[in-house]
Amino acid sequence: MSQISITSPKHCAKKGGININNRHKKLFFTFSTFFSGLLLIIFLVWLILHPERPEFSLTEADIYSLNLTTSSTHLLNSSVQLTLFSKNPNKKVGIYYDKLLVYAAYRGQQITSEASLPPFYQSHEEINLLTAFLQGTELPVAQSFGYQISRERSTGKIIIGMKMDGKLRWKIGTWVSGAYRFNVNCLAIVAFGMNMTTPPLASLQGTRCSTTI
């Protein structure tokens, strides 16, 4: 006696659904493996190259004005020009700089308004010259500011700080990383004697800056 097996449309639908699900799983697994491998390769390249932080040095700081409006209001008018070098020490990694803001400081007090520098790209082991003319108009300062400036004048020098904040992105081949915030801090010793009345007051020597990412 022969046997006849009959498969209902319902069973066929289930079988087809299983095949479609398996195909989707295979595609998902293939793409997941591909992207995981790609990310692993990028990570390994990153570890091998290990980008070094950029180097900054303040070559000159010139003070054109640093005056309190009145001794009672403690408002400061100032103008300072800064010149610094930026170096990318990496042999195979480029750097994009974005949203650069720079200002001058004295004893932890901001003595100029922030000035923005144009974004730029720095190639392997490249050195760039950056300049910024900073000004401040009626900036509030501490009550002791005038006294501190008088003491600095009697010593013949004043220490001015330069601070820069911004974002950078690493470039390895055609791959560009996400943005990292970085900060640069520099100190400059500027001649500031009693007999020095004609601006600008120039820095005595260049200084190496500290960079944090």
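Glycine too: its Cβ is placed from the backbone N, Cα and C atoms.
The N-linked glycosylation site annotation in Swiss-Prot covers ASN67 (among others) and is backed by sequence analysis. The number of other Cβ atoms within 10 Å of the Cβ belonging to ASN67 (N-linked glycosylation site), over all protein chains shown, comes to 11. In the three-state DSSP scheme, ASN67 (N-linked glycosylation site) falls into the strand class.
Listed in sequence order, the residues of the same chain lying 6 or more apart from ASN77 (N-linked glycosylation site) and placing their CB within less than 8 Å of its CB are SER65, ASN67, LEU68, THR69, GLY136, THR137, GLU138, LEU139. Swiss-Prot lists ASN77 (among others) with the feature N-linked glycosylation site.
The feature N-linked glycosylation site is assigned by Swiss-Prot to ASN195 (among others), with sequence analysis given as support.
Look at Swiss-Prot and you will find 1-27 tagged as topological domain 'Cytoplasmic', backed by a curator's inference.
Here the topological domain 'Lumenal' (49-213) has a mean pLDDT of 91 out of 100. Under the heading topological domain 'Lumenal', Swiss-Prot lists 49-213.
Among the features that Swiss-Prot reports, transmembrane segment is placed at 28-48, with the record citing sequence analysis.
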